[in-house]
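For reference, the structure is listed below as structure tokens.
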Amino acid sequence: MIDPLAALVPVVVEQTSRGERSFDIFSRLLRERIVFVTGEVEDNMASLIVAQLLFLESENPKKDIYMYINSPGGVVTAGMAIHDTMQYIRPRVGTVCIGQAASMGSFLLAAGEPGMRVALTNARVMVHQPSGGARGMASDIEIQAKEILRIRKRMNDLYVKYTGKSLKDIEKAMDRDTFLEADEAKEFGIVDHVYDRRPALPGDDAPRDVSEGPTP
């Protein structure tokens with residue numbers, strides 16, 4: 001099925017020694033080592049993200065990658081495929097929340113390289129425990145319930161690792177939908193910085209983390 005929105009993706013034209021080359025905007029940004037995690041996290045999308053991460057590692061295993069996240073979450077196993085690839089490859093993967101990072105989206109945001117996890121000023125983050133429906137015979141429902149509990153424990157342990165919070169605090173936050181504004185996500189340990197504009201280049205004024213309040 002053809003995505004009707006694909007025709008709306010801008011094309012960037014560049015001049016080279018061999019003439020003009022055109023890229024869709026996402027392919028051009030991939031050259032700058034920028035990866036987008038947008039929309040629902042599911043298997044097809046996860047495969048594309050994993051492929052991009054592996055490609056960028058093969059291009060330069062020492063150069064950082066930046067992952068921009070605007071996602072309501074999705075399938076746990078698909079998210080874990082992205083998460084495990086982020087940890088597996090050699091380049092550091094910084095994460096940036098634009099819009100929202102909910103459920104599995106917030107998990108991927110927290111899994112970024114420490115010190116390189118960012119939320120923009122009006123971004124929102126939501127954490128909660130994994131959920132799933134169970135149907136069939138009682139024994140099958142019991143098996144599925146045990147699997148969900150096992151996944152919840154694993155994710156809680158990883159949130160403890162990434163946020164520095166105690167397991168008790170994580171379990172309390174994950175028990176129901178917990179919504180966080182950008183500065184609250186920083187306090188929780190999901191991100192390290194909250195920016196309203198891109199950090200300065202060498203020679204510019206120092207970048208300011210807006211979650212630290214106004215400067216004098």
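Sequential numbering from 1, following the chain as shown.
Here the Cβ of each residue, glycine as well, is placed from N, Cα and C on the backbone.
Database features, via Swiss-Prot:
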- SER103: active site, nucleophile (ACT_SITE)
- HIS128: active site (ACT_SITE)
- 197-216: region 'Disordered' (REGION)
List of residues, in chain order, with Cβ under 8 A from that of SER103 (active site, nucleophile) and at least 6 apart: PRO72, GLY73, GLY74, MET126, VAL127, HIS128
Cβ neighbour count (within 10 Å, all chains shown) around the residue listed as 'active site': 16
